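The structure under discussion appears below in the form of structure tokens.
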Amino acid sequence: MAGNSIGQLFRVTTCGESHGVGLMAIVDGVPPGLALTEEDLQKDLDRRKPGTSKFATQRKEPDQVEIISGVFEGKTTGTPIGLLIRNTDQKSKDYGNIAQTFRPGHADYTYTQKYGFRDYRGGGRSSARETAMRVAAGAIAKKYLAEKFGILIRGHVTQIGNEVAEKLDWNEVPNNPFFCGDVDAVPRFEALVKSLREQGTSCGAKLEILAEKVPVGWGEPVFDRLDADIAHAMMSINAVKGVEIGDGFAVAGQFGHETRDELTSHGFLANHAGGILGGISSGQTIRVAIALKPTASITTPGKTINLNREDTDVLTKGRHDPCVGVRATPIAEAMLAIVLMDHFLRHRAQNADVVPPFVPIEP
């Protein structure tokens, strides 16, 4: 299973399963001298962890991260940083009924076909539980990028099911469990999720993630374009089925004279491209949006097959999110931070001595 790492110079490798002993990550490439504590990582982990809201899974995990290497006397040493989160609230018996059957819409069938068998407890390695380590690793990248460049990475939910947030107030985002910046949309989100629970079904969601003050020049054309790597990182998140950069799919109905992001000596006149031109950061705010599918873990019986390839029905038990997008914001922020950190190091490695013909224009 070779797909457990992301990044070239800032490289994150994770391991662990939903109902195993715990989750681990190795974060390689962190520059030495960064002041770093477990509390720095815990802030984002607390935003993602389960059991903190009635609108998400009721599995209660403290998600207390332990730094086991790579930090000495409060600073990074430049050696690999080892991270550990122990699982404490597994209820594997909830999954006994799917040991011989496949949950439709999940990775059960494909994991079994690929590896010959699977860890059926909570989805094993395919569970979104794994993303806790991404958030921890991403917090390191966020801290470094913020301190060195003033980069601010933040996200918010723009849509849950058919309910759409119409405005954005960043001050409202941390005040509700939906990471929503529209105070008027929150009651509608609450009512929808409550209704979904009662109906035994789920819904999808859409999120926007922004990275402000990213310097111009990051990205490695042609195959490792910055937007290509961002899309790769976002698509690696559980349940993500669509990624947009800038105006995204809306560009199909736009015209060239509307979307070309004209430049002046005082700055850009628009940002339809989402802060990336030719696969390289333009210095403008990077705008990313992701769409997450409805979780297939619902209490409505569904048709499936068993290990004998016989038709049967399955009823998913366990504790699940009625909308996985509710807790996806810190995960998406982390993945964007990991990609940006990697591209900063790659840009510095090759282009540290490059002198552009003029000072970059204002975003």
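Just so you know, glycine gets a Cβ as well, placed from its N, Cα and C.
As given in Swiss-Prot:
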{"type": "BINDING", "residues": "Arg48", "note": "NADP(+) binding site"}
{"type": "BINDING", "residues": "Arg125, Ser126, Ser127, Asn238, Ala239, Gly278, Lys293, Pro294, Thr295, Ala296, Ser297, Arg319", "note": "FMN binding site"}
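Overlay of Swiss-Prot feature records on the structure.
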| residue | record | Cβ contacts under 8 Å, 6 or more apart |
| --- | --- | --- |
| Arg48 | NADP(+) binding site | Asp63, Thr131, Ala132, Val135, Arg327, Pro330, Ile331 |
| Ser127 | FMN binding site | Glu17, Ser18, Asn238 |
| Ala239 | FMN binding site | Ala128, Leu292, Lys293, Thr295, Val324, Gly325, Ala328 |
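Of all the binding-site residues listed here (Thr295, Ser297), the one with the fewest other CB atoms within 10 A of its own CB is Ser297.
Residue density at Lys293 (FMN binding site): 17 other Cβ atoms are found within 10 A of its Cβ, drawing on all protein chains shown.
There are 19 other CB atoms within 10 A of the CB of Arg125 (FMN binding site), with all protein chains counted.
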